[in-house]
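Taking it in order: structure first as structure tokens, then the write-up.
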Amino acid sequence: MAGNSIGQYFKVTTFGESHGPAIGGIIDGVPPGLSLNAQDIQFDLNRRRPGTSRYTSPRSEPDIVEILSGVFNEKTTGTSIGLIIKNIDQRSQDYEEIKNLYRPGHADYTYEKKYGLRDYRGGGRSSARETAIRVAAGAIAKKYLYKINKINIRAYLKQIGHIHCDFKDWIYVNNNPFFCPNPEQITELDLFIRNLKKLGNSVGAKVTIIAENLPIGLGEPVFDRLDADLAHALMSINAVKGIEIGDGFSAITKLGSEYRDEITSQGFQSNHSGGILGGISTGQPIIMHIAIKPTSSIKIPGKTVTNHNQETQIITTGRHDPCIGIRIIPIAEAMVAIILMDHILRFRAQCGDRKII
């Protein structure tokens, strides 16, 4: 299987399956001398891991990361960093009844048709379990980016179902299980998700990611534009079905006189472009929004076929999230960090004699 790596100068490769003994990754390109230990990575892993609230999958994984290589005396050596996270709470028996069925909306059908077989236990390689390693790699990138330029990457829940989350302040985002920036809406979100769980259903979401304090000049036209690479990375996350950068789809109804970001001696007067022009960062905040589909693993019967093309019905009985969007926040931050880290290193390789502004 190809497609297990992302990045050029900062390259992340992941391995492992949902119900295998472990998941892991190799991170190449981390400059030497960065202070790093497991606790630097663990904070974001704890934000992503399942079983931390009644609103997410009850699968209880501690997600303790172990650094296998590339760090000595809590400093990166410049060699490949190897990471591993043991899988502890697999319940493969939950999938025995559906091993010969294709779950609608999942990768079961396409994996088996492409490869001729599939790991039916929790989706195998297609499971979001793999994203724990992305979060670990992203935590390393975040630390480096903040160290060199105080680059800050944060995300929050913008919408869940019909509920739009009004932005109040970043201080609230990590203080509730929804990553909601408005404490006044927590009760409404709580009732909505609890009712969904009673119905055995799920719902989609919208997540906003903002990267700040970026230098001007990140991005490699024409095929490695910064916005193209960010879209690639964010669309690689399980369940993400759409992305916009800046005023993306809302630009359809705008006039050129409204949309263009006019410039004065004091800088840009607006940021409709979302911090990227011509595929290159402008130095303004990069603002991204992603759309997340509702999980297809629900307790409401649905039509499907067996691997012998016999029509039947399916009810998913495993442990799943009523809204995947709640857990995507740290994953989205990680993918943005990985891309920005890669482009920082690419900028230095090509334009090393120019100061990062």
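Glycine residues also receive a Cβ, built from the backbone N, Cα and C atoms like all the rest.
Swiss-Prot has this to say about the protein:
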type: BINDING; residues: R48, R54; note: NADP(+) binding site
type: BINDING; residues: R125, S126, S127, N238, A239, G278, K293, P294, T295, S296, S297, R319; note: FMN binding site
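Overlay of Swiss-Prot annotations on the structure.
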{"residue": "R48", "record": "NADP(+) binding site", "DSSP (3 states)": "helix"}
{"residue": "R54", "record": "NADP(+) binding site", "DSSP (3 states)": "coil"}
{"residue": "R125", "record": "FMN binding site", "DSSP (3 states)": "helix"}
{"residue": "A239", "record": "FMN binding site", "DSSP (3 states)": "coil"}
{"residue": "K293", "record": "FMN binding site", "DSSP (3 states)": "coil"}
What does the structure give for the C-alpha distance between R48 (NADP(+) binding site) and S127 (FMN binding site)? Integer Å is fine. 14
Distance from R54 (NADP(+) binding site) back to S127 (FMN binding site), taken between C-alpha atoms, in Å: 20
For S127, T295, S297, listed as binding-site residues, tell me which one has the smallest number of other Cβ atoms within 10 Å. S127
Minimal Cβ count within 10 Å, across the binding-site residues R48, R54, R125, K293, points to R54
Pairwise Cα distance for K293 (FMN binding site)/R54 (NADP(+) binding site) [Å, integer]: 20
Whole-number Å distance between the CA of A239 (FMN binding site) and the CA of R54 (NADP(+) binding site)? 20
